[in-house]
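Trainee: I have a structure here, written as structure tokens, and I will follow up with some questions on it.
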Amino acid sequence: MLRSSPRLRKPYRLNTIWKFLNHDQNFLIFSMAMLILRSESIFHRCREEEVGCEMHYPARQSGSLTKDAQVVRLLFALVSLAIANYTIFKCFGSRNSGNETLIKKSKEKSESIRILSAASWLLVAAVMLHFVFTSLANDTNRANFTAQLLLIASLICAMIAWKEKNPAVCAHFVLMPVYLLFGDGLTPALITFIALSAMISKLVPKKSLSSVIALLIPFGFYHLGHSPVISSIPWHAAFIGIPGGAALRILPALFVLIHLNFSAISSVFVVFTNSDSRQQVTNERETLRSNFDFQPSTSWTLTETLVLMTMRATFSCLAASIHRRHLMVWKIFAPKFIFECILTIFFVISVNILSISSRRDVFSSKDNERREKIQ
């Protein structure tokens with residue numbers, strides 16, 4: 001699915017950054033992105049080999065088992081979820097079109113968006129209820145029931161939002177079960193990483209997007225509380241909504257892999273939703289197609305990103321082979337190579353799945369247009 005295509009490179013000019021930051025909205029997005037990048041140290045957890053490392057207050061509270069720390073985590077999670085939910089429906093809850101027929105359709109669909117907006121606050125309450133059952137009450141049965149109910153309701157709402165041609169709201173509902181996987185301690189970090197990815201898709205030009213994504217994936221890996229150590233694998237994500245004695249082993253493994261490789265999975269959408277790849281059209285069907293179309297420039301960006309990630313995994317393999325006699329080879333170097341390979345593999349899998357689904361949507365829309373012309 002990753003086909004390379006020739007691309008003409010424009011000469012780089014120093015005044016392009018100034019022209020972009022000259023707009024107030026772009027400057028605000030740039031400032032917020034830099035602020036989120038600097039907040040990684042706040043959620044950073046010290047590893048065994050880091051001598052003299054001191055964790056900040058949010059990182060200490062996320063790993064503490066005291067009641068006060070649990071209440072603080074719940075408050076941070078509630079505030080971050082409320083801000084994210086309000087921002088999504090404030091910015092992407094309605095669309096304006098120039099065509100009169102499309103304006104009528106958008107007015108008819110606004111009722112469904114209002115219903116989804118009300119349902120989203122109920123889902124946020126369900127997420128917080130699950131966190132309370134997990135951390136404060138230690139009620140496993142009610143926590144699993146809440147997680148299963150949230151999964152079903154979020155999928156239904158996501159399908160409705162997708163039919164309403166609103167990918168942002170659809171993605172918001174798809175992420176609701178993901179909050180349960182990360183827990184109340186990492187929910188603020190997850191929301192800030194999603195916001196950073198959305199800002200990068202708006203801010204970074206297409207020609208330099210591959211290098212930014214190649215850096216965004218390892219940044220998200222550490223920002224979301226992971227470490228390249230076998231003992232830091234989030235095994236607790238395997239039991240979210242699933243009893244411990246369940247015979248089905250595929251879903252627990254999938255939950256752990258999603259928790260571990262979320263930065264690689266979500267970075268694929270940054271390429272497909274990049275602002276440079278979208279066309280300013282008024283037709284609703286053409287807008288949806290341009291958002292997720294697998295264009296030659298998108299294919300080239302994905303190929304460059306894959307090459308950079310493969311190079312990083314290759315150098316990790318080389319470092320592990322050089323230090324094969326080292327005392328910490330199975331503690332540091334070999335796990336680092338394993339995690340780099342897993343991130344690269346999941347990035348390739350996500351690219352192929354999304355590209356296949358986008359091509360199928362484009363072909364189905366073309367078939368519908370042909371049928372309408374024939375009729």
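A Cβ is built for glycine as well, from the same backbone N, Cα and C atoms used for every other residue.
The transmembrane segment feature in TrEMBL is assigned to 71-92, 113-133, 145-162, 174-196, 208-225, 246-272, 337-356.
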Trainee: I need to check the long-range neighbours of the transmembrane segment (337-356): which residues 6 or more away from its ends have a CB within less than 8 Å of a CB in the stretch?
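Mentor: For the transmembrane segment (337-356), the nonlocal Cβ contacts are 1-2, 217-218, 221, 226, 228, 257, 260-261, 263-265, 267-269, 272, 292, 294, 302, 305-306, 309-310, 312-313, 316-317, 319-320.
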Trainee: Let me check one thing: do the transmembrane segment (71-92) and the transmembrane segment (174-196) come into contact, meaning three or more Cβ pairs under 8 Å with sequence separation of at least 6?
Mentor: yes
Trainee: State the residues, same chain only, that lie 6 or more residues beyond the ends of the transmembrane segment (246-272) and have a CB under 8 A from a CB inside it; answer 'none' if no residue qualifies.
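Mentor: Here the qualifying positions are 171, 178, 181-182, 190, 193-194, 197, 200-201, 209, 213, 216-221, 223-224, 226, 233-235, 237-240, 291-292, 294, 298, 301-302, 305, 339, 342-344, 346-347, 350-351, 354, 358.
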Trainee: Six or more residues out from either end of the transmembrane segment (174-196), which same-chain residues have a Cβ under 8 Å from its Cβ atoms?
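Mentor: Distal contacts: 32-33, 36-37, 39, 43, 58, 61-63, 70, 73-74, 76-77, 79-81, 83-84, 123, 127, 130-131, 134-135, 147, 150-151, 154-155, 158, 216, 220, 223-225, 234, 236-237, 240-241, 255, 258-259, 262-263, 266.
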